[in-house]
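Novice: First, the structure itself, so that you have it in front of you.
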Amino acid sequence: IVGGTDAVLGEFPYQLSFQETFLGFSFHFCGASIYNENYAITAGHCVYGDDYENPSGLQIVAGELDMSVNEGSEQTITVSKIILHENFDYDLLDNDISLLKLSGSLTFNNNVAPIALPAQGHTATGNVIVTGWGTTSEGGNTPDVLQKVTVPLVSDAECRDDYGADEIFDSMICAGVPEGGKDSCQGDSGGPLAASDTGSTYLAGIVSWGYGCARPGYPGVYTEVSYHVDWIKANAV
């Protein structure tokens, strides 16, 4: 997250760290969001090329805030199955969404909780909050503490003006400030973009891609969750 501030424990109870384990060490590489006790939502490009039926060495951590400290609130569960969207396009990042089936159930509390989905076809508006442990500048360092930043949503028309009409699909939603300086970045991928224009918080986007990070005139591009609600409900079973 570029231009963000530290979150506090329990502020984003739906945020997950999606990690790879290797020789006893765990490495954060993407974000994810809690859908229910047994499923998480992340980006397709975070899992592309993995063994979807029998993934090994993948885990999610819920209730995490500071990666360098054991807060006692963490819940770590391995990923038992990956459900990648059947129309995911790795080159164009169309339909950049996947589900992670967990090998056990999360226990919900003040620090670990699901995030609601919008109605299928809902158009999010206003300001949104994006969170993650990704780099705090383009090509920069990663923070220990979860970062948050608030940015306004950008219309599809404006985003197509910025990137080109052939780059922004209906399955995408854009957010950012015109002058740059606030954005998601490498390592935030798969994580949540939360909106609340309905009066309660819901998952509006999944961190997907962008031209660099926080560059003027190039908003962050996210998977539009309202485009995929029916798919999520049909596959998280």
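Here the Cβ of each residue, glycine as well, is placed from N, Cα and C on the backbone.
Pulled from Swiss-Prot, these are the listed features:
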{"type": "DOMAIN", "residues": "1-237", "note": "domain 'Peptidase S1'"}
{"type": "DISULFID", "residues": "Cys30-Cys46", "note": "disulfide bond"}
{"type": "ACT_SITE", "residues": "His45", "note": "active site, charge relay system"}
{"type": "BINDING", "residues": "Glu64, Val69, Glu74", "note": "Ca(2+) binding site"}
{"type": "ACT_SITE", "residues": "Asp96", "note": "active site, charge relay system"}
{"type": "DISULFID", "residues": "Cys159-Cys174", "note": "disulfide bond"}
{"type": "SITE", "residues": "Asp183", "note": "site 'Required for specificity'"}
{"type": "DISULFID", "residues": "Cys185-Cys213", "note": "disulfide bond"}
{"type": "ACT_SITE", "residues": "Ser189", "note": "active site, charge relay system"}
Novice: I want to verify one value. Collapsing DSSP to three states, which class is Val69 (Ca(2+) binding site)?
Specialist: coil
Novice: Can you give me the same-chain residues 6 or more apart in sequence from Glu74 (Ca(2+) binding site) with a CB-CB distance under 8 Å?
Specialist: Val61, Ala62, Gly63, Glu64
Novice: Hey, how far is Cys159 (disulfide bond) from Asp96 (active site, charge relay system), Cα to Cα, in Å?
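Specialist: Pair distance, Cα basis, whole Å: 17 Å.
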Novice: Listing them in sequence order, which of the recorded positions Asp96, Cys174, Ser189 have their Cα within 10 Å of that of Cys30 (disulfide bond)?
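Specialist: Matched recorded positions: Ser189, sequence order.
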Novice: Around the Ca(2+) site formed by Glu64, Val69, Glu74, which additional residues qualify by having Cβ within 8 Å of the site's Cβ center?
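Specialist: Close Cβ neighbours, site residues excluded: Val61, Gly63, Leu65, Asp66, Met67, Asn70, Glu71, Ser73.
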Novice: For Cys174 (disulfide bond), which DSSP three-state class applies?
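Specialist: The three-state answer is strand.
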